[in-house]
Structures are given as C-alpha cells and as structure tokens.
Amino acid sequence: MAEAAAAAAAAAAAGETSASSGSAAERDPDQDRAGRRLRVLSGHLLGRPQEALSTNECKARRAASAATAAPTATPAAPESGIIPKKRQELMKWNGWGYNDSKFFLNKKGQLELTGKRYPLSGVALPTFKDWIQNTFGINLDHKTTSKASLNPSDTPPSIVNEDFLHELKKTNISYSQEADDRVFRAHGHCLHEIFLLREGMFERIPDIVLWPTCHDDVVKIVNLACKYNLCIIPIGGGTSVSYGLMCPADETRTIISLDTSQMNRILWVDENNLTAHVEAGITGQELERQLKESGYCTGHEPDSLEFSTVGGWISTRASGMKKNIYGNIEDLVVHMKVVTPRGVIEKSCQGPRMSTGPDIHHFIMGSEGTLGVITEATIKIRPTPEYQKYGSVAFPNFEQGVACLREIAKQRCAPASIRLMDNQQFQFGHALKPQVSSIFTSFLDGLKKFYITKFKGFDPNQLSVATLLFEGDREKVLQHEKQVYDIAAKFGGLAAGEDNGQRGYLLTYVIAYMRDLGLEYYIIGESFETSAPWDRVVDLCRNVKERIRRECKEKGVQFPPLSTCRVTQTYDAGACIYFYFAFNYRGISDPLAVFEQTEAAAREEILANGGSLSHHHGVGKLRKQWLKESISDVGFGMLKSVKDYVDPTNIFGNRNLL
C-alpha cells in the first residue's frame, strides 16, 4: 500500500516535471509546490526514492534543455533563489550580487541601497558620508572609471575539442561558448578578480560552460572529459574568495566550466529521520525557502547564503553564523554522492555515525573541486524555530568582550549567533545607522549614549559591542538570554538593546555590496578570516591589525588604512576571527601589488601568532603556499596521494590546494 502510494507520488512528480518543460515563465507555481509536496510524501513512504525519481526527472529535464551554443534562460523571479543560466541577467558581471542592488550617495550625500530586496533598500543612511571621508581621506569628487560592459573581443577565444563537442551534442546537455557566459564563470569574488573585471581581463577563462541537470548528466560529462583529456572546473554559486575558480593561465587543454546551478531540487524530505536529500546546485536561500514551506530549516546560514550552494559548502568546509545550534557543514552532512574520474563515491548506508576507518566524506569536504563534482547530498534538517530574539551588549573594551565570550563558550550557553566587534568595526556599523524617524527616537538614542559614555564611563573610542541572536522555544530563549546577560555583566557588559543587535544582522547580506562602492572612490579592501585558541585571540587581533597598518605605511599608502576585526564564531577551544582592511589607493602606481603584499603579510602574522590558515573560506590558490607548513609534509603528501589516485590525469585541474 505504502509502496503503491509512493510510486503514484513519484510518477505524479515526474509527470509534473514533464509538463513543466517549457520556460520558467510558463510554469505554474502552485504546480511546482504540489510537486515538491509529492516528493516529500514519497520520501515519507519509501525513505529513499531518489534513484528512480532522479532518473525520471533527469530525462525530462534533458529533453527540455536541448544543447545550444547560445542557450536562453528566463531570469529567476525576485522571490526565487534559483540561479539562472544567464547569470548576467540577474547578477552583476563585475561586482557583487544582484543587478538591481547597489550602494550610492544620493543628492543629499546620504548613502542608499537601490532595489527592494533588502530591509535597508531605499533607506537613507545619513552619517556614512562623514565616516568614509574621515576614515579614508577621500575626495568624493574624485571617482574611478571602469568598463561599463563586457566587450567579447577583449576575451580569450574559446578553444574546444571538436570531437568532444560532437559527442556532447548527442547528450542534450545544455552548453555555451559565448564570451559573457565564460567570463562570468572565470572568477570568484576576491578583490584582485573584481579589480581585473573593472579595468582589464583574465589571461585564461573557461572555453565552454556546461549545465548538467542531474547526477547522470555529470557522469556523462566527466566520462567525456576523461576520454578527451579535458579540464573541468566545477562552479556552484561563484562566491569563492580564494581564487578557487580562476583558470590556470598555462592550461592548454579545453577548460570546461561545469555549472551545477540547474541541479537545484530537493529530491525528498524524510520527517522521521529529519533529513533532506538535495541536489548540490541548490542555493542556500532557495533550500531554506522550500524547506520553510514544510516547516523545516537547515539552520546553515553563511554570509553568502543568497548565492552559495550546498555543493560549494561541502567542498570548502563552510560554516554558518548559527553553527552554535545547527553545527558547521561537517555536522550537517549525512550522505553525499560525488562523481570522480575513477567513478562515483557514495556510502552504502545513511547511518548517523560509522566506525569504518577514516571518514570518506572528509576526503571530499574541503577538497575544493580537485577530486570531482558533488552532485547530491543528504543533510540534517530541524523544525523552524518558533521564536527568535536579537540582542546586543556593550563592553568597555575589546579585551573584556573576548573574556566574556570565552566564559560563555566555557559554560556552553552561546546563543545561535554571537559576534564581537572591535571599536573600529562598531564605528563602521554606527555609520550605517538609518536616519531616525522622530525627535523622540533621536532623544532616546542620545540618552543611551550619555548613559554608556558619561554615567558608566565607557570611552567611545574603546568600547566594543557584541550582537546576539537567540532562537528556539520561547521560554528557553528567555532563560538563555538571562544567562548570557548575567555572564556579560560580570565582564562589565551593558545590555545595548534589541534594535542594535538586529541592525547588526541586517547588514550581513548587504555588506559585500560596500566594496563595489569603495572601488568607485579609490578604496580597495577585503575581508579574511582565521581561527585561533582562546589564549591567542587578543594578541593575534592586535598584532595583525598593527601589521596591516605598518605594511601600508611602508608601501606608501598616504592615509592610515581601515584595519578592524570581529570575533564571529566561538568554540570550546577557540574562536573564529574575521578581519577587514581597506585603504585609499589614489596616487599609488600599482595598488593591486600593495594590496596583495599587505594581505600576504597579514596572513604571515596570523600564522606566526598561532592562527589557522583558514576557518571557512578555504585555501584555493590564494593561500596554498602556506598549506604544507600548516598540515605538515606528511599530511600534504597524504592529500597529494589521494588526488593522484582519484584523478591521475588531473581532469579536475583548478590547481586548488596542491
């Protein structure tokens, strides 16, 4: 009975796919929703129906997506998190995020964010202008120039093996050799990459972009690449900040950009085991949106949630801001399917834990596209929390704030998210405060400032602020909140209000747009991260920030750089630290060289002070010069041996890590 019902559900879901084989604009959203519910139902009844369901839908998708040198695609609707084939119709080709979202200074000199996607969109931020002028010494009348559009004649030509192309056409896997599609997938979002897009061009870009729609498509692509000795560079959301997507300049083989964005479905949800089986190209925001319809979430929320994908999370060992409740990606993944040149890697069962030698999953997690393509994954889900509350705490200084976070970690009572900003980062956040709506609100803000700085004696140039996010059962959240604030009080912390905490988290998804604004005014900057033991956190933060200031001064940067940090994740034995640095490069002949030398010096300082090479950004090509010393010669040799066995002819040749 259950098998028959599940078979009917699977058949209906497959039929829905066939019926919706037209463009995205022709699809009925109610029909799509019904199809997802049928997949959920089939998951309940059979537990693991994905094999038959995936094959049926894969065939339907391939039939609907005939191979073409210039595939057309309808941009995703604003409420959808699906990345379209033609990414440039929805997203910036030479900057961060959506085309309709951009920071600018209006006629009154107030900062605004265009579009309607974010809570800050259309909101006037009146104090930012003074902050950016005072911090960087810039003249707002001096603006840089950049290329307004991509000129195909400026891009390297596409060189594709003709025999491969002939066989590819038989598979009906969609592809493109157009310059804009190839350039869009030739980079991530490191400062160097964006700078090149604005003012130059990459020496090497993919020769062809392929859009598989299911696991079987990926198997065919990898087999063809092995047959013709081609290079594959997988891409998910394209949010890499480690040069992970940059094509090796001396690669002479045809380079395939294998774009997983059309592998974006939840294949089933199992409410008994609280797991969901998903395709690896689904973005974080789309995954959360669909799960929310059924009352669930993963809780995995990296800052790149809008665009990064499940496959990208796994391949870089990602971390989310609410890991204190839900865990990092290594805690969430139950099962995965990976296509390699040697074949498919997949465990035979989905048990919660196994003692079967070294965990095969951990060979894939953090492999950064060097071993194969992650096509599907089973991940843990949780019921959507019933209650969420923000908060903030002001400390007299950064050191006392760190001591408080250490005690919270020791007592294992950290909220879903806790972030501690140093003073400069607090000042930056304060510069992004919206215009007050009334005299009364302004008066209250003045009272709060007076109370903290005059009555309690906090120095405005020393104080540090922690933002908090609690979620779960309402009664437990309120108890948890009291426990955290009681600990904070022992370290001189003062409750600074729910609004300040919420505003801090509202900036999470728009802060990346700020770099594009800076580039317009001769400001280049970047963020980078590390993790360190608790007893090294304060010294590491101080020494790295000072090293950045010293390096910039020695290299001729005329105005002191912005050099700031925050503690953004806490653990029993240490913390993750995020650094931001930026400087005014006007008058410097080679700003990229100065930037890269300063960033490298900061990384050297991190390692010298007991920090890790990376907490969650990964290694890529940007940091691989330090990998061997980080994991030892023997450890490095082990990684290389795995690579040599799984991919002996270097089909996955992005040259990350090794």
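Glycine is no exception: its Cβ is also placed from the backbone N, Cα and C atoms.
Per Swiss-Prot, the range carrying the annotation region 'Disordered' out of 1-37, 38-74, 371-407, 519-555 is 1-37. Check Swiss-Prot against the ranges 139-143, 174-178, 189-193, 654-658 and you find region 'Important for enzyme activity' recorded for 654-658. In the structure shown, across all protein chains, Arg419 is the one of the recorded positions Lys102, Lys347, Arg419 with the greatest number of other Cβ atoms within 10 Å. Around Tyr578 (active site, proton donor/acceptor), the same-chain residues six or more apart in sequence whose CB sits under 8 Å from its CB are Ser527, Phe528, Glu529, Cys565, Arg566, Val567, Thr568, listed in sequence order.
Under DSSP, Tyr578 (active site, proton donor/acceptor) is assigned to a strand (E or B) in the three-state scheme.
Residue pair Lys347 (N6-acetyllysine) / Lys102 (N6-acetyllysine) shows a Cα separation of 44 Å. Put simply, Arg419 (site 'Important for enzyme activity') is 33 Å from Thr370 (FAD binding site) when counted between their Cα atoms. Least packed by the Cβ count within 10 Å, out of the binding-site residues Pro234, Gly238, is Gly238.
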